[in-house]
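Taking it in order: structure first as structure tokens, then the write-up.
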Amino acid sequence: MSNDMIFGIHAVKAVLATDPVRLIEVFVLKDRQDDRLMPLLTELKDLGITIQHAGRKALDDKAKGASHQGIIARVKPAKQLNEHDLDTILEGSENPLLLILDGVTDPHNLGACLRNADAAGAVAVIIPKDRAAQLTATASKVACGAAEVMPLVRVTNLARTMRALQDKGVWIVGTAGEATHDIYHSKLTGPLAIVMGAEGEGMRRLTRETCDDLIKIPMAGSVSSLNVSVATGICLFEAVRQRQI
């Protein structure tokens, strides 16, 4: 993660709950009294984590303009996951739901997609190592804690990884405006990976050709597309709905 910094109450709480050894020190807005913040600071103190109080300008400088809610933590880098970790992830789920992002380069969108994936119960988010947003502090802040708990798998060859998933029985559906049927008339149950492409460009050709099926979100108004994080949430939760029937 860029600068090994995480911003905001949710992100710090998530690291504290899941991997507290990553926490090095925490910077808190001086004289801030907050019902959400005080219990968190107590937990951090109990673990012996250094807490430094700083003025707003100092925190703003550390956050480089990003919203920080008065708390910033310096952390050790999280473990980097790759295609070799997918076997372990899949073995831990009988009916896995995965999200694949192809060409999503905006950290805000990555963070929002991670949050959507966590809320929908996905077991992992897969992105290519190249032509993809990195897990910056901004992405982590937007993810609202999900970046610290959702496995983010970076792969060298996305199409090859998709074929490996298919060999393990994962059905892969890609979203495309020219698809012949929509998400509400598509089977989204069973082991499943949903592929979302970049806004405007969509999925790359090889990614599209590797999908088992193409689906679309029906659009009733004048706009032709949705923000990728919004579209991701719609697709993931339609899969969640179908799995509960």
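Cβ atoms are placed via backbone N, Cα and C, with glycine included.
Other C-beta atoms found within 10 angstroms of the C-beta of Leu226 (S-adenosyl-L-methionine binding site) number 15, with every protein chain shown included. Annotation note: Leu226 (S-adenosyl-L-methionine binding site) sits in a coil segment as assigned by DSSP. The annotation S-adenosyl-L-methionine binding site is assigned in Swiss-Prot to Gly197, Ile217, Leu226.
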Tell me, by DSSP, whether Gly197 (S-adenosyl-L-methionine binding site) is helix, strand or coil?
strand
Reduced DSSP assignment, Ile217 (S-adenosyl-L-methionine binding site):
coil
Among the binding-site residues Gly197, Ile217, the one whose Cβ has the most other Cβ atoms within 10 Å is Gly197
